[in-house]
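According to Swiss-Prot, the features are:
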type	residues	note
REGION	1-307	region 'Formyltransferase ArnAFT'
SITE	ASN104	site 'Transition state stabilizer'
ACT_SITE	HIS106	active site, proton donor
BINDING	ARG116, VAL138, LYS139, ARG140, ALA141, ASP142	(6R)-10-formyltetrahydrofolate binding site
SITE	ASP142	site 'Raises pKa of active site His'
REGION	317-663	region 'Dehydrogenase ArnADH'
BINDING	ASP350, ASP371, ILE372	NAD(+) binding site
BINDING	ALA396, TYR401, 435-436, ARG463, ASN494, 528-537, TYR615	UDP-alpha-D-glucuronate binding site
ACT_SITE	GLU437	active site, proton acceptor
ACT_SITE	ARG621	active site, proton donor
Amino acid sequence: MSPKAVVFAYHDIGCVGLQALLGAGYEIAAVFTHADDPKEKTFFGSVAQLCARHGIPVHAPEDPNHPLWVERIDKLAPDFIFSFYYRQLLGDPLLACAKKGALNLHGSLLPRYRGRAPANWVLVNGESETGVTLHQMVKRADAGPIVAQQRVSISSTDTALTLHGKLREAAADLLSETLPLLALGQLSGTPQDETRASCFGRRTPADGLIDWSLPATQLYNLIRAVTQPYPGAFCAVGENKLIVWAASAEAGNNGEAPGTVISHDPLRIACGEGSLVINAGQRGDNGLYLSGAQLAREFGLVEGSQLLDTEKRRPARRTRVLILGVNGFIGNHLSERLLQDDRYDIYGMDIGSDAIERLRTKPNFHFIEGDISIHTEWIEYHIKKCDVVLPLVAIATPIEYTRNPLRVFELDFEENLKIVRYCVKYNKRVIFPSTSEVYGMCQDASFNEDTSNLIVGPINKQRWIYSVSKQLLDRVIWAYGQKGLQFTLFRPFNWMGPRLDRLDSARIGSSRAITQLILHLVEGTPIRLVDGGAQKRCFTDVADGIEALARIIENRDGCCNGQIINIGNPDNEASIRQLGEELLRQFEAHPLRGNFPPFAGFREVESQSFYGKGYQDVSHRKPSIDNARQLIGWTPGIELSETIGKTLDFFLREAMAEKADMR
């Protein structure tokens, strides 16, 4: 009996995949594709037309993961599900419909170049080899075990179009070899080496902007990566646009500044290293395809001309970022990161300034001490004045959720709602700190921003008031987004690092877990493990988290507009007990260890006695970070032990300073 397949396919590779399945004797029960985008140049074959010629049922749903489609696919009882250049991720319920496996064909040699547009990216980066990979599908994009690969060499003259042709041939060869073996159950997968993984996001036309300060070879690679049928690399000549379709790199730039015309026939431009000869291009989006020499005449370029637009000649205005809660953990680290380059002016408000004293002398840092519930006129004025608003003020410690639930609601929801409405009023971009807490008691193995259910406990468990306050604001912001509000929601997962909070906060129970544990070590009291400390969390170094947040603020090509992004480290999962044990190990080895009492042991306590009757806990909280990888090219890299060490060192030095002050 022929194996039955359901296929998700688009592009030439989609056609190749379908033809290979038919050639291998597979029964294709249904095909899912995309309707062509009228704004996109469709230089590739049509999956829908191929299906029509073969009488194969074809569909183009907006959401293939909708339960109705999953139910229909499940009824087809496919042995296999295949994805060939289909542009949407397929969820676990859909993948589970395949009795023998779900496989994807990806256009690179995985684990390198996961994500979008791998053929373009390998050219941009000057690679000499790529390939195609058939791999098992898992929830995380392009991360499943590898079934088969075929290598493709990249020549120095390849363009995106010629490389695509090579990949198409390689895909046909790979599938013709592997599909019969797959049907016989003779192929298995090899896990990917995560240490070699790289991930790239989608490319947009704006990514084709030519920066003449770069080496000529790098610009040549960019041009061939995005030349026709893609939108092309471009630069400005005065107020006009020059699209470069063909070029070559040469050594030497005659000592000229980047962007200077060295000669007009051939049209040769000085680069940061070497020079670029423009062989062909066009003027504007609707111009004729012209030689470089004719382009020089059309633009009036002569030796010594500068390819700089009028905007580049003006000093760029810094982006004005308003941070409410600037003295807090995220606020002070974020300010420090943004002030490291000269693109931002930071305006901040908070009720204290101890964590930002080191920043107050910076010329681009502007601080006022104030309360967001009182200084509303200052806040409204600065929202109107600034470009980006981050309302970071919140009560975010679990004991306060049960101890002061109304105060949590008033501050975390009501005061922040006012700020959101000011952003709507003045059409300002808001980057709102949602929270991993919104996932509540979700049972997914990892929490996905777009598909995971947000589940909380009964009303008498006041612990959830923080979660639902944040969730409701997420929903309000999303609704305003449908009316034009520019926004991004980010969800931090257990960020840790220096200046997390204060030992004094831990003394009254109002601090994060690691600060409580360190306080016990400092004071020689037993480390209290709530419900045995079996709860697992994924801890994220603040430096990793802030880098992701900085990229969200940068928002290159609008990639983060209207998005929800988890920022966490799924590889740094540990139970609270394991966190305490690692803290103890590093504490005993720390140079300051001799200044503190002996370790008093671990003590298990019941959660209601520690937090109160309104508390309820969750067993795990692990983020999916596919959105962060694909939208902002972010992957965390700092191991948990390093983060624990930095955090411990900060608090031990704080404790020593307290002792010195008491003398």
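Including glycine, each Cβ sits where the backbone N, Cα and C put it.
Features recorded in Swiss-Prot, as mapped to the structure shown.
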residue	record	Cβ contacts under 8 Å, 6 or more apart
ASN104	site 'Transition state stabilizer'	PHE82, SER83, PHE84, LEU134, HIS135, GLN136, MET137, ASP142, GLY144
HIS106	active site, proton donor	ARG114, PRO118, VAL132, THR133, HIS135, ASP142
ARG116	(6R)-10-formyltetrahydrofolate binding site	PHE200, GLY201, ARG202, ARG203, GLN630
LYS139	(6R)-10-formyltetrahydrofolate binding site	LEU89, GLY91, ASP92, LEU95, ALA445, SER446, ASN448, SER624
ARG140	(6R)-10-formyltetrahydrofolate binding site	SER624, ASP626
ILE372	NAD(+) binding site	LEU324, GLY325, MET349, ILE379, PRO391, VAL393, GLU415, ILE419
SER436	UDP-alpha-D-glucuronate binding site	PHE447, ARG491, PRO492, PHE493, ASN494, ASN566, GLY568, ARG621, PRO623
GLU437	active site, proton acceptor	TYR466, SER467, LYS470
ARG528	UDP-alpha-D-glucuronate binding site	GLN516, HIS520, ARG603, GLU604, VAL605, PHE610
Near the Cβ of ARG537 (UDP-alpha-D-glucuronate binding site), how many other Cβ atoms are there if near means within 10 Å?
22
Compute all pairwise C-alpha distances among ASP350, ASP371, ILE372, the residues listed as binding NAD(+), and give the largest one in whole angstrom.
8
To the nearest whole angstrom, what is the C-alpha distance linking ASP371 (NAD(+) binding site) and ALA396 (UDP-alpha-D-glucuronate binding site)?
17
Quick one, of the binding-site residues ALA141, ALA396, ALA534, which Cβ has the fewest other Cβ within 10 Å?
ALA534
From the binding-site residues VAL138, ALA141, ASP350, pick the residue whose C-alpha lies nearest to the C-alpha of ALA396 (UDP-alpha-D-glucuronate binding site).
ASP350
Going by Cα-Cα distance, pick out whichever of the binding-site residues ALA141, ASP531, ARG537 is nearest to ASP350 (NAD(+) binding site).
ARG537
If you measure every Cα to Cα distance among ARG116, VAL138, LYS139, ARG140, ALA141, ASP142, the residues said to bind (6R)-10-formyltetrahydrofolate, what is the biggest one in Å?
17
Give the distance between the Cα atoms of ALA534 (UDP-alpha-D-glucuronate binding site) and VAL138 ((6R)-10-formyltetrahydrofolate binding site), rounded to the nearest whole Å.
27
Whole-number mean of pLDDT values that fall within the region 'Formyltransferase ArnAFT' (1-307):
93
What does the structure give for the C-alpha distance between VAL138 ((6R)-10-formyltetrahydrofolate binding site) and ASP531 (UDP-alpha-D-glucuronate binding site)? Integer Å is fine.
33
Extra residues within 8 Å (Cβ to Cβ centroid of ASP350, ASP371, ILE372), NAD(+)
LEU324, GLY325, MET349, ILE351, GLY370, SER373, ILE374, HIS375, VAL393
